[in-house]
Amino acid sequence: MTGATRVLVLNSGSSSVKYQLIDMADGARLGSGLVERIGGGEVPDHTAALDLVAEQLAANGTGLDSPALAAVGHRVVHGGTRFTAPTLITDEVLQAVRELVPLAPLHNPANITGIETTRKLRPDLPQVAVFDTAFHATLPESAARYAIDTATADRYSVRRYGFHGTSHQYVSRRAAQLLGKSPESVNVIVLHLGNGASAAAVAGGVCVDTSMGLTPLEGLVMGTRSGDLDPAVLLHLHRVGGLSVDEIDDLLNRRSGLAGLCGDNDMREVTRRLDQGDPQAKLAFDIYVHRLRKYVGGYYAVLGRVDAVVFTAGVGENAVPVRAAAMAGLEALGIELDPARNSARSREPRLVSREGSRVAVAVVPTDEELEIARQTFSLVSDLG
Ligand SMILES: Nc1ncnc2c1ncn2[C@@H]1O[C@H](COP(=O)(O)OP(=O)(O)O)[C@@H](O)[C@H]1O
Ligand SMILES: CC(=O)OP(=O)(O)O
Ligand SMILES: [Mg+2]
């Protein structure tokens, strides 16, 4: 090591690129930014988004050419069965991430673009991949396996991998801290509701179930993704509707979810229309919340005892009506939301449940970038 202590983190999501430059010596955030609504008019794709990020960093005098930079940490969404820990990126690792593209078509390509762009600018700099799937490697077989023929499943590596793991890990620990308890002593349900959305059941710091599966398509209703449906829907669309496999893929990943139901993938827009009495937006909202509640109930049963339900990511942190509707009428489960606390705006981790609610309800802003920076710096420090 050269004594360099800064880590640049690139978090490419399906609709946004977030970045942070953190000095790990003192935790100082030296630069951060967000390019969102990728795929919209102004930012056509992730390459354009990364150009904007590089420009912003250079304008701040904290460009990639800085000798104080120790490493770049990348969020990589799919790590398959192979990657269950932060990994130094080599040609061979990059190739393996490329081979996983079919399992995360909206994400791994963006992550690869970030890695390649960085390499071009700083070929000497260590780059580390921190995988969304890693935190879910602890799922018991009963939760990880689908009930299909075992030999077929094994042959094609078909199982539940789960995603948003870095967020679920960070948020579940931070929630324990908010409750004044150790992560080992609490059971929490984390609801990561961004453009992509997933739920996780975390028992004593260990993930025991999660809603996304082989790919980030399963589970909750998302911005443009359907989440759960009868697998026979695909067969029906193919056999009776004549849709090709690629058309069905596009339908379920890009033209479903909130966007498919009401034409808007952004919850800000959906709730604005809801307030104006738009019936299409209302139905989309209701379907979104109904699915969410099914997972809360399901994970309650999986965990047996729940200490907290924790909301995070763009929708979870900001959408007051989503939290209100998701937690409504659950008093019998010991879940009591406090309407005033729920409506109060804050960027801090906070409780939004009533004093005395048996199960706490919390909002914990996720910080995937900090978690990725920690894991990245720890790995490059160990390399010496
Ligand atoms: N104030 C808000 N109210 C409701 N929803 C919001 C608000 N701010 C952001 N969002 C939602 O958060 C989503 C983005 O979440 P984020 O976690 O940043 O997404 P991702 O990482 O998946 O790109 C947006 O699509 C939008 O629906
Ligand atoms: C895995 C996933 O869905 O990520 P995002 O929410 O960033 O799209
Ligand atoms: Mg995200």
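Glycine is treated like the rest: Cβ placed from N, Cα and C.
Bear in mind that TrEMBL entries carry predicted annotations, made automatically and left uncurated.
What you are looking at is a predicted structure, and each value in this text was computed from that prediction instead of being measured.
Feature annotations, reproduced from TrEMBL:
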| type | residues | note |
| --- | --- | --- |
| BINDING | Asn11, Glu368 | Mg(2+) binding site |
| BINDING | Lys18, His192, Leu193, Gly194, Asn195, Gly196, Asp266, Met267, Arg268, Gly314, Val315, Gly316, Glu317, Asn318 | ATP binding site |
| BINDING | Arg75 | substrate binding site |
| ACT_SITE | Asp132 | active site, proton donor/acceptor |
| SITE | His164 | site 'Transition state stabilizer' |
| SITE | Arg225 | site 'Transition state stabilizer' |
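Structure with TrEMBL features highlighted.
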| residue | record | Cβ within 10 Å |
| --- | --- | --- |
| Asn11 | Mg(2+) binding site | 22 |
| Lys18 | ATP binding site | 18 |
| Arg75 | substrate binding site | 26 |
| Asp132 | active site, proton donor/acceptor | 28 |
| His164 | site 'Transition state stabilizer' | 32 |
| Asn195 | ATP binding site | 25 |
| Arg225 | site 'Transition state stabilizer' | 28 |
| Arg268 | ATP binding site | 12 |
| Val315 | ATP binding site | 26 |
| Glu368 | Mg(2+) binding site | 27 |
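For ligand 2, the nearby binding-site residues are Asn195; that is, of Asn11, Lys18, Asn195, Arg268, Val315, these have a C-beta under 6 Å from one of its atoms. In terms of Cα distance, the recorded positions that sit within 10 Å of Asp132 (active site, proton donor/acceptor) are Arg75, His164, chosen from Lys18, Arg75, His164, Arg225, Arg268, Glu317. Within the set of binding-site residues Asn195, Asp266, Arg268, Glu317, Asn195, Asp266, Arg268 have a CB atom less than 6 Å from some atom of ligand 1.
Distances between the Cα of Arg225 (site 'Transition state stabilizer') and those of the recorded positions Arg75, His164, Leu193, Arg268, Val315 are shortest for Leu193. Following the DSSP three-state reduction, the secondary structure of Leu193 (ATP binding site) is strand. Of the candidate binding-site residues, Asn11, Arg75, Glu368, the one lying closest to Lys18 (ATP binding site) when CA atoms are compared is Asn11. Comparing Leu193 (ATP binding site) with His164 (site 'Transition state stabilizer'), their Cα atoms are 10 Å apart once rounded. Counted over all residue pairs in Lys18, His192, Leu193, Gly194, Asn195, Gly196, Asp266, Met267, Arg268, Gly314, Val315, Gly316, Glu317, Asn318, the record's binders of ATP, the longest Cα to Cα distance measures 19 angstrom. For Asp266 (ATP binding site), other Cβ atoms within 10 Å of its Cβ number 17. When Cα-Cα distances from His164 (site 'Transition state stabilizer') are compared across the binding-site residues Arg75, Asp266, Arg268, Val315, Glu317, the shortest belongs to Arg75.
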